[in-house]
Amino acid sequence: MPSRATVQEFSDSYPFCHNGFRPIMMPKIVSVQHSTRRHLTSFVGRKAELNDVRRLLSDKRLVTLTGPDGMGKSRLALQIGAQIAHEFTYGRWDCDLATVTDRDCVSISMLNALGLPVQPGLSAIDTLVGVINDARVLLVLDHCEHLLDACAAIIDSLLRSCPRLTILTTSTEAIGLAGELTWRVPPLSLTNDAIELFVDRARRVRSDFAINADTAVTVGEICRRLDGVPLAIELAAARTDTLSPVEILAGLNDRFRLVAGAAGNAVRPEQTLCATVQWSHALLSGPERALLHRLAVFAGGFDLDGAQAVGANDEDFEGYQTLGRFAELVDKAFVVVENNRGRAGYRLLYSVRQYALEKLSESGEADAVLARYRKHLKQPNQVVRAGSGGVRY
């Protein structure tokens, strides 16, 4: 018969199993360090926004950050999660749904974020409920907009069954649940945060970039022209390796005159981002554009092997040449670098990927790129997680 100490040690190892009614081998929730995503660029500004949302989360169990693409919803949510994780007994864990295309895979993707399998005889949602139970946990659920019904059903079930769970979501629109509090993410402050972000990202590609009386005015005008949209500012700042702020502003003004003329009225934030992507894309070299278009076949994250597999084409450049061009796309903010569970990963932001997919379709090489993509997925070491989706045209 096991000693009392042994029984206590086993019980402590499975804090989510209570009263003898949960499956005895229900796994323990993973630690914070194993369930979080880390960006490799610094988080800039948003002090007031961070304080506002933190205050909301102290009182509400479901808060949704809304706003158009490129406004920084994901970065804000992850930063808030990092700041308040210590307030939750079992920390926080993140689930990015950007790559999930099947509503039935949402709960499975959440288990994947925890690094947990579905328990035998239980559905994915029942496994989640059993794992979380009455533990105090923060769930950051990112990119819910294309799976609103599925997310609503799962979130409702989790909140009803897990009384100490708090959920922070991001979406272009509200989830639509009773008790949900929506908070629209604003543009960056044009007097401080937007300029600070531009300078920070400019120094990633040009370490000697300096702000003085002259450049401060121009950079401020660039940020104003871009309506304080973070992604648009990052794309523009990445051009300081070859263009001066004055040249960047002139190029943006030319592009926005076309957009405003077509719209017939003021340019919306969505149009601001689209125009900035188009302008920055036009400044890429031919091989860089070709590689970007090919990378768009990845609906979610990928690694360097994947980039080489789909990017290399004997007719224009080979696999070893892909790395240099890939590095240029990272420097120019077209490819996002993330540290996920200690491993470097890459992805395209939604608006960039959608534009690149259009260009890939126009190029006439979509079928060939898709063939290389499928061949890569069949390699022995490639594992496609549930819900990773496919190519979405």
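Every residue gets a Cβ built from N, Cα and C, even glycine.
Now, the feature entries from Swiss-Prot:
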type: BINDING; residues: GLY67, PRO68, ASP69, GLY70, MET71, GLY72, LYS73, SER74; note: ATP binding site
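Positions of Swiss-Prot features highlighted on the structure.
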residue : record           : CB count, 10 Å
GLY67   : ATP binding site : 21
PRO68   : ATP binding site : 19
ASP69   : ATP binding site : 19
GLY70   : ATP binding site : 25
MET71   : ATP binding site : 27
GLY72   : ATP binding site : 28
LYS73   : ATP binding site : 25
SER74   : ATP binding site : 21
Quiz item: Where does LYS73 (ATP binding site) sit by DSSP, helix, strand or coil?
Solution: helix
Quiz item: Within 8 Å of the Cβ centroid of the ATP site residues GLY67, PRO68, ASP69, GLY70, MET71, GLY72, LYS73, SER74, which other residues of the same chain have their Cβ?
Solution: THR170, THR172, VAL185, VAL229, PRO230, LEU231
